[in-house]
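Down below is the structure, laid out as structure tokens.
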Amino acid sequence: MSEQKQVNPAQGRRPQAGGKSGSKSRTAGAAKGQASSRSNQAAGQAGARKSSSTRVPRTPRELALDILVSVAGAGAYSNLKLNQSLQDANLSRADAGLATELVYGTIQHQRTLDYWLARFVAKGFNKLQPWVHQLLRMSAYQLLYLDRIPVHAAVNEAVAIAKKRGHQGISGMVNGVLRSMDRSRAELVPSAIKAGSPAEKLAILHSYPDWLVKRWVLAYGEQTAEAICAAGNDSPHGSVRVNSVRGTRAEAIEQLAELGLDAEASPLASAGITIRRGGNLVETAGFREGLWTMQDESSMLVAEVVAPAAGMQVLDCCAAPGGKTTHLAELMGNKGKVWANDLHPHKRQLIIDQSSRLGLTNVEAITSDAAQLSERFASGSMDAVLLDAPCSGFGVIRRKPEIKWTKTAADVAAIADIQRELLEAVSGLVKPGGVLVYSTCTIERSENEEQVERFLQAHPEFELDRNWPESVLHALQEAGAIDEAFKGYAQLLPQHYGSDGFFIARILRRA
């Protein structure tokens, strides 16, 4: 999924180390507290990368506010803007963690926050300056969702920022709104939400746009749609993929445990290890030595479904930053050839760097438009082709929460057109008897099942292949992602294993 591959694979939506907090929210209608989870996850970034900047230090709330304004106004990616801002700031590990929590939590819950804030802002949000709007959201998030932050700290800091950036009237308004909200917290519960339909109530409660929740209710039913929404607001746990060329999963778990990390074998991916609590894995010796790679568990399934053998010729059409490419190469025992293609030259270098770190010599990184790969490779020249296609990214909302506010139904339709073009362009490279694997990190039917069914109708020389690794089938069956009607594709939802939402189809070219 090339669009989402702008995310640092070592960090995902949030820095990968760390687990879900057990703290409870102040408000009955709010999601259970996530403060310490994001804070611990972000802390690894700060201590190792302090800036020598001489600028006047900003508080974590000021830093978070600047990022929120940038994401909302300039369309910046939250994870990229946050990472860069933390590198430039002189924040302690704890303050970096707080800034991270405030950025992601505020974006994640912004619709719910706006719904409750509207009770207390007399003039309405449309008349507020953008920075004031974001300041109120960020402060309301602390009041309603972060029980470890004292009310006076959240309110007083907000008032101080308002005085610093605006006139006295703004600071007075901010103070009044937040103190009124604090006094009314017991009333801000799900039963108090007034909505015109069940889908709209879900959208307000879990903070999603109406159009998206309506699509999910139509596709999956109300109960599953709500589970998808709730899972998208959870903090992602960390996970690493063991480099089978250099060691075993048991050895890696032991090494991670020695570092004080809470590591255990993934129940989903055979090479995966979940990290529920710990530090920044990018800073570990095991990462530098190529013993493991940060990758979501769902993403690991893709290469397993390709199931490449040593000596094969394999093409990864949209490969950057190289997570699936290097997994394919590892599964091949560093033998044969994995052609890793990406449109952008600078992303090609990411693939080269990853392969080098992992000690893989069977990866050849190239730069081309995936739609034109048939001009570079002969028809039927590949044993396996992986098209991890550009997509809407709705399976990774927990890592990049702004996706739900920036994507539209028109975007989904446009992306589906691109996917259709790419499938047509690369399918001819698969040799008779070879495999085409199509994957996305979204849960949109029009980009997934419907895309595959349309392709098969147009190409009778291809058929769905149910010959998946038993370990993958077992894990998907346990989660309820597939049943006895399994045809050769699967939709993993974010609530199944607390991993990313992913779609995978294995398609065989008839011999």
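In case you wondered, yes, glycine gets a Cβ from its N, Cα and C as well.
What TrEMBL lists as region 'Disordered' is 1-57.
TrEMBL lists 34-43 with the feature compositional bias 'Polar residues'.
Taken from TrEMBL, the feature domain 'SAM-dependent MTase RsmB/NOP-type' applies to 228-510.
For A320 (S-adenosyl-L-methionine binding site), the Cβ neighbour count at a 10 Å cut-off comes to 26, with all displayed protein chains included. Residues annotated as S-adenosyl-L-methionine binding site in TrEMBL: C318, A319, A320, P321, G322, G323, K324, D342, D369, D388.
The feature active site, nucleophile is assigned by TrEMBL to C441. The DSSP secondary structure for C441 (active site, nucleophile) is coil.
Counting every protein chain shown, the number of other Cβ atoms lying within 10 Å of the Cβ of K324 (S-adenosyl-L-methionine binding site) is 27.
A320 (S-adenosyl-L-methionine binding site) and C441 (active site, nucleophile) have their C-alpha atoms 14 Å apart, to the nearest angstrom. Maximum C-alpha to C-alpha distance over the listed S-adenosyl-L-methionine-binding residues C318, A319, A320, P321, G322, G323, K324, D342, D369, D388 is 19 Å.
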